[in-house]
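**Q** Quick one: this structure, given as structure tokens, is what I'll be asking you about.
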Amino acid sequence: MTIANPSPSNFFQQLGRQCLKTLADLRLAIALLLLIAVFSISGTVIEQGESLSFYQQNYPEDPALFGFLSWQVILQLGLNQVYRTWWFLGLLILFGSSLTACTFNRQFPALKAARSWQFYHQPRQFKKLALSFSLPDGDINKIESLLRDRGYKIFQEGDSVYARKGLMGKVGPIIVHGAMLIILGGAIWGALTGFFAQHMIPSGETFQVSNIIEKGPLADSQIPKDWGIKVNRFWINYTENGAIDQFYSDLSVVNNQGEELDRQTISVNHPLRHRGVTFYQTNWGIAGVKVQLNNSPVLQLPMAPLQTANGGQLWGAYIPTKTDFSEGAALLVKDLQGTMIIYDQEGNLTDAVRAGSTVEINGVNITIKELVGSTGLQIKADPGIPFVYLGFGLLMVGVMMSYVSHSQVWLLSVDGDGQREIYLGGRTNRAQVAFEREILAIAEEAEVSSKTEAKVNA
């Protein structure tokens, strides 16, 4: 007696079927979805794409947040850029594979079964239906007509009739799965090909996107190289009590020859979009101050950000009154409204001035021309967003379709004891009470019609 060893092809076929069965397991899909949700929440709670010093300051080793979450753990696990890590993308791919396997293993067979014609040829077959009864002297043609009036599609084979409606209720889950696959694909594509950058640019300057904070491995083609942005002007609107109402940037898209391709004024929540790259207004600052010393040309002096003891923000500049910088004055400003404070070399308050004012310090007339604001821009490109929007649109359509009841009705006409008896039964996958009322109404209407015809014939 010999024992036949399984061939390698059979082994791999069995292994493939087992893997497919595991992937199609609903429990695996739910577990993956929960993991994706947990890590997505962590990416929302933990600031993404910040500098090393930021994480060291906000997530120290001692004491670590929750006893374990320090800056080292965040960087080692990639929690500072969750959505671009290999393990998060791997979870998305695995979840997509599970959805695909479930679609082909469960949803398509269910749709195929729903589309097939299932005729009952024996009265005993109606006993397995939760809703079934018989109509003595019933008219099968009348019942067919009543079903057709209610949107049922009729199929007939001899004395047996099969009717169905709501087939889109079986198509809905397939569309839902397909929509989720499109969303996952868009998220993965965006992570691979998108980038995120930040710039602080003074008014009048032109720049090209270069300060990349995050980018995917395939993002180089998305980063603009043949065009840049010119900041024509930056300004802030203030409320009556001096609080910031909104800040604006007048931006021009220019090519490498300086020609303007597009122009738009942006503000918070109103970005500029050009060739798949979006420029958001997110911050502001004061880049410099233009001054004139006596009759000298107008000079633009840089201003540095300063933190006050109570956490406030100021900007300061040193205005030299001698060519060797041995004497001068300090200028401090809080915002772009124009009020500036000047201190002399000893730190004494000299004057509070506005743009256009002149003050004398160390025998030098200092004329304050204007403050130069700088705009803070966030620059993002995510080619996967259109796919995500498309997926969510299809998802809503699929969910609504899934709520359509798939209802099935069987009829069988049987001759016996000198009279014709109609067996009627049906089932549905949802809205059971409404379905029962519908079938009972059809039965009552058919019965009344049969009695009326019998009286007329008599």
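Keep in mind that glycine also has a Cβ here, set from the backbone N, Cα and C atoms.
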**Q** Per the topological domains given in Swiss-Prot, are Gln13 and Gly169 together on one face of the membrane?
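**A** Result: yes, Gln13 and Gly169 share a side in Swiss-Prot.
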**Q** In Swiss-Prot, which of 64-84, 85-105, 379-399 is labelled transmembrane segment?
**A** 85-105
**Q** What parts of the chain pack near the transmembrane segment (26-46), using Cβ distances under 8 Å and only residues at least 6 beyond its ends?
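**A** Residues 74, 79-80, 82-83, 88, 91-92, 94-95, 98-99, 102 contact the transmembrane segment (26-46) from elsewhere in the chain.
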**Q** Provide the three-state DSSP residue tally for the topological domain 'Cytoplasmic' (106-170): helix first, then strand, then coil.
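**A** Reading the DSSP string over the topological domain 'Cytoplasmic' (106-170) gives 29 helix, 17 strand, 19 coil.
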**Q** So what's the average pLDDT for the topological domain 'Cytoplasmic' (106-170)?
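**A** Summing pLDDT over the topological domain 'Cytoplasmic' (106-170) and dividing by its length gives 89.
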